[in-house]
Amino acid sequence: MTEFRSGFVCFVGRPNTGKSTLTNALVGQKVAITSNRPQTTRHTIRGIVHREDFQIILVDTPGLHRPRTLLGQRLNDLVKDTYSEVDVIGMCIPADEAIGPGDRWIYQQIRAVAPRTTLIGIVTKIDKVPKDRVAAQLLAVSELMGPDAEIVPVSATSGEQLDVLTNVLVSQLPPGPAYYPDGELTDEPEEVLMAELIREAALEGVRDELPHSLAVVIDEVSQREDRDDLIDVHAILYVERDSQKGIVIGKGGARLREVGTAARKQIEKLLGTKVYLDLRVKIAKNWQRDPKQLGKLGF
């Protein structure tokens, strides 16, 4: 019988390189927020991949970037702490974008913070480009990371090469116990996941100014008194300015209703029951730069 292996794996890369989508594809359920806005992942969410002879715990981090606000600095510190504690780091570089200074900076950061941690290259989004572009990108990544680096091309969307990536990750993990019971997919509390799902719905299709300015706090979750099959969820969406409040709510509240419907469907999937979702929007001026507000909003 093969020895059971287990350990922690962290995907890193510029914002929007497919890290969260990859986490969700490997786990087989949505545990990380995915959005085509950079810097949308804020909490270290652990997705858990179970098989008979191994367990991979995926640590999801915000994309590393040069910080402009106190929130940005805190997010970067969180990423760096994570780097030094995991068994394997997978650096994600999309097949459809040339390697740039941002990728080189991140590679240097990883090597500075965690020089001894196993690092593999992951070329993501290979379904978006022809095979020769994938081959060229593999070569470019190998030039960045050195000739000995293991590099795996994958598509989280189509599932191509996911099994190959899983095998490569497992081969680098130490023998160890299962840290989580079988069937558990994440150790994030449900309220954190609910807040993330609402945030994801609110970010969908809005202008670039909003992502970093939006925080979601779950105010209350309760069972409806007269019904066993209904849970009431009350949440507050915090923005920094009046103009942003208008963007979130939309004309006559239309956009907020859309957000509510999309988020409710996802939360019902998460909880496995019907949900009544009540959303309110409030202003917390410049919360990203204010340590007190950051603390209150969970950062």
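The backbone N, Cα and C atoms fix where each Cβ goes, glycine too.
In Swiss-Prot, the region 'G2' annotation falls on 39-43 of the listed ranges 39-43, 114-118, 159-163. When Swiss-Prot is compared with the stretches 60-63, 188-191, 240-243, 288-291, the one noted as region 'G3' is 60-63. Using DSSP to sort the residues of the domain 'KH type-2' (206-285) gives these counts of helix, strand and coil: 32 helix, 29 strand, 19 coil. Other Cβ atoms within 10 Å of the Cβ of Lys19 (GTP binding site), summed over all protein chains shown, number 28. Every protein chain considered, the tally of other Cβ atoms within 10 Å of the Cβ of Asn16 (GTP binding site) stands at 19.
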